[in-house]
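Visitor: Per Swiss-Prot, active site is recorded for Lys16, Asp142. Annotation comment: Swiss-Prot describes Pro100, Ile101, Gly102, Ala103, Gly104, Leu105, Ala106, Gly107, Gly108, Ser109, Ser110 as ATP binding site.
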Amino acid sequence: MQDLAKTKINIKSPAKINLHLEVIGKREDGFHELAMIMQNIDLSDYLEFEINNEGLIKLESDCNDLSLSDDNLIVKSANLLRKKSNIDYGANIFLRKNIPIGAGLAGGSSNSAATLIGLNKLWDLNLGQEALCSLASTLGSDIPFFINGGIQLCFGRGEVLEKLDSNFEYGVILLKNPNVSVSTAETYKKYSNRFCHQYLTDREMIENIRKNLRENGLNNLNLDNQHLSIKNDLQLVVENENDSVKQALYLLSKLENCLTFSMSGSGPTCFALFKDIETAKKELTANYKLFRNKGYDSWVCTFLEKGITFI
């Protein structure tokens, strides 16, 4: 019989950026109707899972700014999976945190999905991707994206996914002021207050927006496109109210080889795209001190073809 107490699993849990974020309307369930393109990047957290026979979920981390109790998404995800699967085992979980918190990079959602995927294997549950996505959607709107990973069209409140095929090799520079965070809920509320008169309710019009993103979303991001651009509706709210975001976007716009720049999610992290990782590294090396002096942490990374992976 397998000694389950010695079984360990390690997982890489990557962040995401939004290559398109369009707020279409308000749904009957209170969430917003969205049309997005989300892309995994190789700024990642790492999680280690080990079975315990106590039937408890125990979370530890190298990050002192995180709650490790039942309100943590990792713990919530583990308890949900354990309850739905009706098993007696628990798990000891260690999180090594690299993705900044409250940054618009969805580190918490990535960790949640990594927990579902990791414990599904650790506990030998054999749940398929569809079942994991169903559980993920009850925990958060963008968690199903991380179950699938890579680059995806995301519709509905973010849980309706369509896989995109791309081989983008862009380099990415990220900027975030470590002392600044943005509330996603508050940002959507402010956006709604300003732009609710533009919201669509007609299903045919909403489907036309989805169709347009399916057909043109990747073309808008293609290196051959002379007008390479990224749309983020939430930036209209956050940039005007947050000097840190406004300055980050300005700094990125002035980088010599920047192809385009935007805010990710509800912010405050901002990013710029470059033709390849080598160009991005050179730009960061040349500007690192400037970014630091202006109060920003900075990272350079690439796009990932896959999301959460076992290591």
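Note: Cβ is positioned from N, Cα and C throughout, glycine not excepted.
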Visitor: What is the Cβ neighbour count of Lys16 (active site) at a 10 Å cut-off, with all protein chains included?
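Guide: A count of 29.
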Visitor: If you count CB neighbours within 10 Å, which one among the binding-site residues Pro100, Gly102, Gly104, Gly108 has the smallest count?
Guide: Gly102
Visitor: Would you count the other CB atoms within 10 A of the CB of Ala106 (ATP binding site), including those on all shown protein chains?
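Guide: Within a 10 Å radius of the Cβ of Ala106 (ATP binding site) lie 28 other Cβ atoms.
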Visitor: Between Gly104 (ATP binding site) and Lys16 (active site), how many Å separate their Cα atoms?
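Guide: Roughly 8 Å, rounded to the nearest whole number.
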Visitor: What residues, ordered by sequence, lie under 8 A Cβ-to-Cβ from Ser110 (ATP binding site) and sit at least six positions away in the same chain?
Guide: Ser13, Pro14, Ala15, Lys16, Asp45, Ile99, Phe146, Gly307, Ile308
Visitor: From the centroid of the CB atoms of Pro100, Ile101, Gly102, Ala103, Gly104, Leu105, Ala106, Gly107, Gly108, Ser109, Ser110, the recorded ATP site, which same-chain residues not already listed sit within 8 A by their CB, in sequence order?
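Guide: These residues sit around the ATP site: Ala15, Ile99.
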Visitor: Using the alpha carbons only, what distance in Å do you get between Asp142 (active site) and Ala106 (ATP binding site) once rounded?
Guide: 8
